[in-house]
Amino acid sequence: MILFVSLVLWMCAYGQEPASKVVSDRYAVYWNRTNPRFYRGDYHIDVCINDYLDVFCPHYLDYVPEERMERYVLYMVNYDGYSSCDHTAKGFKRWECNRPHSPNGPLKFSEKFQLFTPFSLGFEFRSGREYYYISSTVADNGRRSCLRLKVFVRPATDNCVKTVSVHDRVFDVNERVDNSLEPRDDTSHESAEPSRGDVNSVGRVQTTGLLVTSTLVLCAAILSL
């Protein structure tokens with residue numbers, strides 16, 4: 001009996017072990033026009049599946065005049081929208097930086113580059129493809145100011161196996177910038193649309209694991225009677 005219960009506990013622990021070892025890198029991007037990485041229009045980072053992008057909005061102290069505070073609406077677009085800095089043709093609103101004097105510090109939005117999402121309006125990413133974020137504002141002089149970011153999701157075979165710790169690792173994005181405005185010859189460019197894909201395959205795997213565990217626990221309870 002003791003051996004059977006030990007077997008059940010071991011199976012539960014083993015089923016959680018792979019997830020506990022996954023390491024996610026986080027890339028912080030400060031979305032404002034004073035960030036020098038935006039100056040040339042070629043801000044670029046490389047990520048792996050399950051990594052995170054943390055976008056920090058502009059934030060100001062109380063004494064900064066209202067007219068000097070930056071506000072942005074960030075869009076996810078396709079390559080044409082990225083090149084022309086135009087979200088109207090093929091893009092959708094991702095986040096809005098609309099609280100520049102938030103009492104809790106700068107607004108932060110996070111994107112997880114995952115293969116599947118449980119949310120109907122979430123976005124699913126694929127390895128070997130590029131994704132694009134832009135924001136566009138019109139200054140007082142009538143000139144349009146465009147901030148844009150290109151994210152390349154590296155293939156799983158490209159040093160993306162990270163199982164050394166349970167903690168997220170934070171990288172300086174300046175160390176991983178590829179200064180290239182042109183699309184890679186072997187890169188697929190994803191259409192900027194929210195994913196509404198079927199995630200039943202993931203649900204089936206999770207359901208199967210729960211059924212097996214529940215069955216073993218039930219058998220243990222019956223045998224103990």
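Backbone N, Cα and C atoms are what each Cβ position is placed from, and that goes for glycine too.
What TrEMBL lists as signal peptide is 1-15. What TrEMBL lists as domain 'Ephrin RBD' is 24-157. Summarising the annotation, TrEMBL assigns disulfide bond to CYS57-CYS97. Summarising the annotation, TrEMBL assigns region 'Disordered' to 178-201. Among the features that TrEMBL reports, compositional bias 'Basic and acidic residues' is placed at 178-196.
With a 10 A radius on its CB, CYS57 (disulfide bond) counts 23 other CB atoms from all the protein chains. The Cβ neighbour count for CYS97 (disulfide bond), using a 10 Å radius over every protein chain in view, is 23. In this structure, CYS97 (disulfide bond) is part of a beta strand by DSSP. When DSSP labels each residue, the domain 'Ephrin RBD' (24-157) comes out as 12 helix, 53 strand, 69 coil, counted as helix, strand and coil in that order.
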